[in-house]
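Here the structure comes first, spelled out in structure tokens, and everything after it is commentary.
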Amino acid sequence: MAAYAPLELPASGALPFTDYARWRLRLSPNGDHTWHYLRTDDEVAAWPQSTYDKYWLGQDVGLPELPPPTNALEAARNGYRFFQKHQTERGHWAGEYGGPMFLLPGLVIGSYVCGMGFKTEERLEMIRYLFNHVNEDGGWGIHIEGPSTVFGTALNYCAARILGLKADHPVAVKARACLHKLGGAVGIPSWGKFWLSILNVYDWEGNHPIPSELWLLPDWVPIHPHRWWIHTRNVYIPMGYLYGVRFKMEENELVSSLRQELYTTNYYSIDWPAQRSNVAAVDLYTPHSAVLEGLYTLLGAYESCALPPLRRAAIRRCYELVVLEDENTDCQDLGPVNKMMNQIVRVHAEGRESAGAKRHLERRHDFMWMGAEGMMMCGTNGSQLWDIGFMAQALIETGLGAEDEFRESALRALQWLDNCQIRENPKHYRTAYRHQTKGAWPFSTKTQGYTVSDCTGEGLKAVLYLQEHVKGAPKLISERRLCDAVDVLLSLQNTDGGFASYELIRAPQWMEWLNPAEVFGNIMTEFNYPECTTSVITALAIFRKHYPHYRTADIQRTITHAVDYLHKAQRPEGGWFGSWGICFTYATQFALESLALVGETYETSAASRRACEFLVSKQRADGGWGESYKACEVIEWVEHKDTQVVQTCWAAMALMYAKYPHPEPIERAVKLVMSRQRPDGSWPQEAIEGVFNKNVAISYPNFKFEFTIWMLGRAHRYLKELHAKK
């Protein structure tokens, strides 16, 4: 395929493969991010690079050194002087959302099998990204900080070869050696088996059945897929279709070469059915249960005699659900995995020239992020709302939002929040098994249209803070719209008082016995999360201060029930386990904030005291905290080799929310964070900050501004008050 011709490449990705002065970030009115390479000098002259372009590309942004801060508030002010220069004209902050190393292969394989190419500059920088994240042994992990796995190495090797990496390039040679040392691609986990089968370099007989017929079951059946966690069901819809039709790339020279390169034995001699449960030990996080293996035996028997009319009806049903998802999200879809699978479904069912296929082609770029290390595939189409929600709250709680210097920036943030609120339920609300969204805020953009309980919570708090505390701020979001957001939050509480992510819990937890993915934990049904629950508690508590007459009894009942859940979720050592950030520092900060808003602090609450003592016990000699992503895997505290600024801020803020009476731990944290601030007000990037499904780390690079500014500004006032009392 001419669009994927082999490329001449340097030995490493240390230097850019393209001219970074020619990259530009374009923003749609709704906040969609797309990177563009300008090939002519006239284009470059007509579209100058912005400060945020240069920053994300790792270029010199040309901002001046600031006066050295003499206290924490001045350090926070310097931090925001830097960060506001990266606020977009739309009012939000752009940023990467990378980290997982199985996303780019889906983009590349999904595009290749659909006959959709990339610009040469995009191909070059995607290869460079892979070069820059290869491990010392030549392989790739499940995320950028993880050890090499078959999943990461086989998929990224295929992606690099498709993009134009030659088989004899030193990076390819070393990657193959790593893969073969791990046993070759036969032991790739199920999602990898699926992608390699799509590429026609792994036989479909090596996959466990993916029965699309499950979608024909009555909705009331306990294992009906609409009850699964939304990311899982939205991936297995197109998976069921593509498995059902046995979609595969036509054989060509590259496919034939990969069949030789990926395996330690002859491709045509492999016993494919014997590979179905073969998962390399280095990849295995969630082994198959005996229940799942028994189910696979039954499904295998069914697959050998599946009724063609039933299979056709099931495939048709999966196609219908794919279209509903695409229409609900304008082909951005829930995330990049189901987005690329949906694209293949639409091309297979409708043809490459169909409107659906063309829209998918355009929407690929919403997930492609250009950074200092090359071009990556993001975990969603951004984290726009998530970032602005925290920054807006930080502006108010530090007092910076009241300063004339930052007022315009705060008002632009409010305008973005106004535009970003989801004003209606999804187009296909009931038929696509969606939860209500009218009044919610998304994680990224309202076009993508999915809300998470904590995103609506943080969005609501941000609006209330800005509209009530910024001088002269207009009431852009009406009381009715704020009440709509509250309605969404109240609709999401589960029976035990906790809040899950996207929806109510629809299936029993024993469904996790049927987790087929091997590399992820807690994916089969929704689970309650302390950090989601706390975001809702704090949002409702702040809302009722300003609007005390709306659903008063419902709000009180919800908060009381949620606090009961939070007490039960506290771990014996005193912290709360974080499922979306790393890890105990993250969740414990949110928990102590919410408890404080209902009157539970260090002086009044045993739970708060235990949490504070837990955090203080983990403070390091340098004054900071450092937690490894490994804590999320093993569900216990694991020290990072280095102190982390972001986690230090979470821990210090937790202590302040709890009204911890001793200043020394907070003073030491402030000193550590200030010591790492650069002269221009910024902080360098440190270790990865986020996580999902226990085993995959993901980046939140704007956290190093949002939480540092927030903590320093709060600490300045808090410490003054503590010392005044003494």
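Cβ coordinates come from backbone N, Cα and C, glycine included.
What Swiss-Prot says about this one:
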REPEAT    123-164  repeat 'PFTB 1'
ACT_SITE  Asp454  active site, proton donor
REPEAT    482-524  repeat 'PFTB 2'
REPEAT    559-599  repeat 'PFTB 3'
REPEAT    608-657  repeat 'PFTB 4'
REPEAT    666-713  repeat 'PFTB 5'
For Asp454 (active site, proton donor), the same-chain residues 6+ apart in sequence with C-beta under 8 angstroms from its C-beta are Phe499, Ser501, Tyr529, Glu531, Cys532, Ser535, Val536, Trp580
Reduced DSSP state (H/G/I helix, E/B strand, rest coil) at Asp454 (active site, proton donor) is helix
Model confidence over the repeat 'PFTB 1' (123-164), as mean pLDDT, sits at 98
DSSP assigns the residues of the repeat 'PFTB 4' (608-657) as 28 helix, 9 strand, 13 coil
DSSP assigns the residues of the repeat 'PFTB 3' (559-599) as 25 helix, 1 strand, 15 coil
The DSSP breakdown of the repeat 'PFTB 2' (482-524) into helix, strand and coil residues is 16 helix, 2 strand, 25 coil
